[in-house]
Amino acid sequence: MKIVVNNQSTLSAEVLIVAQENLKKLVAETKCPNSKSLLDKKVFKAESGEVLPLLHVDKVVILLGLGLRQDFIASEYDKIIAKAAEQLKKLNIKEVSVNIDYIFDNANVKQFALDTVRAFISETYVFDQLKSKKENFSLEAIELVYSGNQDLEDAAKIGSAIACGQNYAKDLQNLPANICNTDYMLNEARDLTSKYETFNLNYLDQDAMAELGMGCALAVGRGSDMSNYTVCMEYNGGDEDEAPIVLVGKGLVFDNGGICIKPAAGMDSMKMDMGGAAAVMGTMKALAMLNLPINVVGVMGLAENAVDARSYRPGDVLKSMKGITVEVSNTDAEGRLVLCDTLTYIGKYNPKAVINMATLTGAMIISLGDAFSGLFANSDKLANSLQQAADASNDLVWRLPLHKPYLKKLESKVADMDNCGRDRSAGSIVAGLFLSKFTEDYEWAHLDIAGSAMGDFASCKATGRPVPLLVHYLLSQAK
């Protein structure tokens, strides 16, 4: 993807992003052919998401409305850009100028520039790898047009890197499990880390995990022919003695629920249960593209939850790497079992902070839908930093409590704790509390991305979230 910043359009296709307050300014500066007649006839009113393509002999101009400032919701900006992206696909425009001279007055231009580049790359994403007949579209170049005196090169570069990481995460999550299995994810980590000198790759196979006593994670994968792996991508961009930030992703490449099997309807979407691991991969890619001066370890706990004679059972008692014994009341509460051992293992890095991402609970979809990731944290400082990153990236989170009295729901009569309890209420909080028992030695946050990473659940469409949030957080920590 080629990204350039210019003070005027040099391409044969241009998108003009227009706030209602600047529609008359657009007409006065005659940037748009026939613009006065369009305004007089109210053909284009610059309402939010309104799009009008104008086809001329030597140029295609696409008008895109931002609406009124007081009605603008930053987190909905991608949906506005998507309207223009549809036109680019329809007209097969692969190189486009995007003019931001007519956004809201006194807007944060650098933020708009970043968001605009990221959104155009993300919203023109096409997943057709597995189709015999390809859509034959890919956006190849964006020329960001701004005639003001602010330098937007860095903003455009960051927006591009985030979108590339986001689209990479989408690719991984959209692939089916017969292709994107645990070995595939390990090889993707190998390929990514081999491209940059700042990376080291270490991983544990099943034998190494067994030697360390990772009994919970290994139990989940016992019913599958796929191997379990714990994969650690070490990005060393900071000082040698700087404690790393560790990102941990749940990597269930497919989850049929195990013996507590899921209903058939919608089970195909469980190829996306590795959304946390995909987000780690996407974030590490963006991080390397930006060459940030920071130390980060991206970790994936990889497994498949399947049914077999070897599958773990309801009633089994597992021993975690930390030594805590866990009674299994539901084999479909498997993600936390993979994560609990992974979160124990990464303690060896003496991390500055740990953030795990997981498509962990259906309850999160019920409570927050697909707009927000659920945020849990044992540190207000870390939670506040992530909230600020969410606000900056428009990748929304909502903090929920780790309400300690609910730990009673995890009590077991035969083990130290139950993996999910017998009471279905407060399911997302209870899952967070389970993980919190394995993260007491460091600052930790848990992002439940069950809704946000999969978008509209019925469409089974990966979003690449929370890559934007994570990259903005790392940018804030690298300063």
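Yeah, the Cβs are placed from backbone N, Cα and C, and that goes for glycine too.
If you look up TrEMBL, you'll see Lys262, Arg336 marked as active site. Under the heading Mn(2+) 2 binding site, TrEMBL lists Lys250, Asp255, Asp273, Glu334. The feature Mn(2+) 1 binding site is assigned by TrEMBL to Asp255, Asp332, Glu334. Among the features that TrEMBL reports, domain 'Cytosol aminopeptidase' is placed at 330-337.
Contacts of Asp255 (Mn(2+) 2 binding site) defined by a Cβ separation under 8 A and a same-chain sequence distance of 6+ are given as Lys262, Met270, Asp273, Glu304, Asn305, Asp332, Glu334, Gly335, in order along the sequence. Of the recorded residues, Arg336 (active site) and Lys250 (Mn(2+) 2 binding site) place their C-alpha atoms 8 Å from one another. Other than the site residues Lys250, Asp255, Asp273, Glu334, same-chain residues with C-beta atoms no more than 8 angstroms from the centre of those residues' C-beta atoms, the Mn(2+) 2 site, are Val220, Gly251, Leu252, Met270, Met274, Ala303, Asn305, Gly335, Val338, Ala358, Thr359.
Remark: secondary structure over the domain 'Cytosol aminopeptidase' (330-337) totals 3 helix, 0 strand, 5 coil, with classes taken from DSSP. In the structure as shown, the Cβ atom of Lys262 (active site) sits within 10 Å of 16 other Cβ atoms. Take the CB of Arg336 (active site) and look out to 10 A: across all protein chains shown you find 25 other CB atoms. Taking the mean position of the Cβ atoms of Asp255, Asp332, Glu334 as the Mn(2+) 1 site, the remaining same-chain residues with a Cβ inside 8 Å of that point are Val220, Leu252, Asn256, Gly257, Gly258, Cys260, Lys262, Asp273, Asn305, Thr331, Ala333, Gly335.
Taking Cβ-Cβ distances under 8 Å and a sequence gap of 6 or more within the same chain, the neighbours of Lys250 (Mn(2+) 2 binding site) are Asp273, Met274, Gly275, Gly276, Ala277, Gly301, Gly335, Val338, Leu339, Asn356, Met357, Ala358, Thr359, Leu360. When Cβ atoms from all protein chains are considered, those within 10 Å of Asp332 (Mn(2+) 1 binding site) total 18, not counting its own. Other C-beta atoms found within 10 angstroms of the C-beta of Glu334 (Mn(2+) 2 binding site) number 29, with every protein chain shown included.
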